[in-house]
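*Asks:* Just passing along the structure, written as structure tokens.
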């Protein structure tokens, strides 16, 4: 059995050309206090230079390579033409659909079965010409593994686990069910797509599935670098450590004095072509050397998008991925039939651990709607009783008290009810995102939204801070429920970040059960129409320059520096179903030239968010600060290329509904184990009926999915919306206890909580692959389930990587048997 390098054993280089690392100017003596052993030095470069990402570790050319640009342009133009239609633009013409391929294969097999009675040689010729899956060109590695290994099981290193549950092993030839030429072409395309994602994740210091990386290492000319994305705790967590992390000794927003902040690097900042560049002097001129930080090259990004767009509509590749997904679904059903009782028995053996007593993270929830409607109603009534004379609003230059605001609406506390509040989504919001957005206004009045659920208002967000702290108190009381709340930055002015940070610090809005994500609504067209922005680059400057300033000189933004340590990353939000009038390509205007009132396309927002985040992450990593990830809303509606952009650039996504109609992308998301936070109740009110939601299908196939609430104010009724989400899903889809605990474990793995916190919640070995990384005493997920997921993923990765390797190996005699079960 072949051996594979374990995670963390190889120390190697990036698979792309890396720009020079962070260096400091000798003219900036302050830098020494910030970077310690990694001083900054000047390095001459031109603004806009980027690392070369064009070199794959091996030859992955396919038959589509010369046509990628033309295919992608055709798809993008079709997307624009069909944006008015409800049908999605990824439903392509019937040039090579799966049904035709299936019918053709069945006809051939029927013909073979009829002719073999008359002429046995026909069968042999047919196998050689059409079903030549595992013969001449098959894998030398299979040959080495095949003899004597198939009957002994898959995993020699874990004999105990092997005896614990039953497996289904597919042996013999033609296991993937497609012609070998199609298998080879599909495998090369899939591997190429995975390499594309790996290089962008490495470029931005985001995480990449270690199991997938380990298999890609077999194909790389040089081993891929294994990176640690979270700072390890000073003291490792022991195996017997308590499930609850130790309480903080002091509030994290204490010591906000500038004198207590890290030193000033004395670097200059300027945005060039939509990306912030860092210079060695505070006021850079044309000849000032630049501190070189890596960011993606625009030309290569567009080329990579074209490759993936061409890949997802290739007929043979669609057939291959569709078959693999169907196989994964069937295999899971067989696993459940064989091992369900063993999984349940393993859970029952664990003392004081059940679904209620394991950590769950709401990985997709908006802060402005994190409370339920009854909670908001009670808070408004309480405010009307206690703060009736407080000045809360300014209307046309005149200050108004809370009493005057409600008198202008002809309302009293007695008149208010849940029905009057009218914030809950109903049947009228289905496919009407505009009506859904209106539900954010209590009683249909935007002034109440501004007073009660905004951070920037006349009272500096006092009411909103109080209600958020009440939600946090409920989470802390439950002990095992956590949330990642989204706060908004719009990019209309440079001081938005400081106002948001002051709101959090001054009101001490913090909880060990809560992390923050910052969402950026894609509303440039609205701001441009109102004359609030001159061009798109101004919006990018308002979003990212304060973050770079707080990193270079934390004392200049003390509250922001403290706040950013509790921010996980960035989210991109808006109605994805809105038509896009532009295609992002090399002819698209640069951000400083985007002055029209049309909104840039989704990929445009995502690319420039990613590029600036990548630069910022490298700067912050050198200073020892917390880094960020990209976790956008994606795949809820709209065109398929949203999911293509997210596959390349995002660590996790929210929604992902459209993957159900894109088998190639769904298979890629599975192989890369990209987290998908799904909200079935939210989707049920907006885009997709509950019974049609693909979550149970994704879960059975092994995609990294979790349950989330999205907007409890609009969609939920109880005090514990996350438990409500789990309970409804369990009842409707008949999920088992193991399924529910697996979803909860996935939510913790996907979340942005620190490595130390996750070590307490999941166990100190949670970063290890397979059952070794599972602690059933903390997760209540049986090793049987984790082992099944791990083995299945390894087998799928082995199928595609070994098919690619087969081209580089000598011909294998046809009579040699083949076993497709590599060791870990």
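Using N, Cα and C of the backbone, Cβ positions are placed for all residues, glycine too.
What Swiss-Prot records for this protein is below:
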REGION    1-43  region 'Disordered'
COMPBIAS  10-20  compositional bias 'Basic residues'
MOD_RES   44  omega-N-methylarginine
MOD_RES   45  phosphoserine
MOD_RES   63  phosphoserine
MOD_RES   79  phosphoserine
MOD_RES   90  phosphotyrosine
MOD_RES   96  phosphoserine
MOD_RES   113  phosphoserine
MOD_RES   133  phosphothreonine
MOD_RES   135  phosphoserine
MOD_RES   137  phosphoserine
BINDING   366, 435, 436, 437, 438, 439, 440, 636, 711, 712, 713, 714  substrate binding site
ACT_SITE  655  active site, proton acceptor
*Asks:* Based on DSSP, name the secondary structure state of residue 711 (substrate binding site): helix, strand or coil.
*Replies:* coil
*Asks:* Based on Cβ atoms within 10 Å, give me the single least packed residue among the binding-site residues 366, 711.
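*Replies:* Output over binding-site residues 366, 711: least Cβ neighbours within 10 Å is 366.
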*Asks:* Under 8 Å between C-beta atoms and at least six apart in sequence, can you list the same-chain neighbours of residue 655 (active site, proton acceptor), or say none if there are none?
*Replies:* 633, 634, 635, 636, 676, 677, 678, 679, 683
*Asks:* Neighbour count, 10 Å Cβ-Cβ cut-off, for residue 713 (substrate binding site): what number do you get?
*Replies:* 25
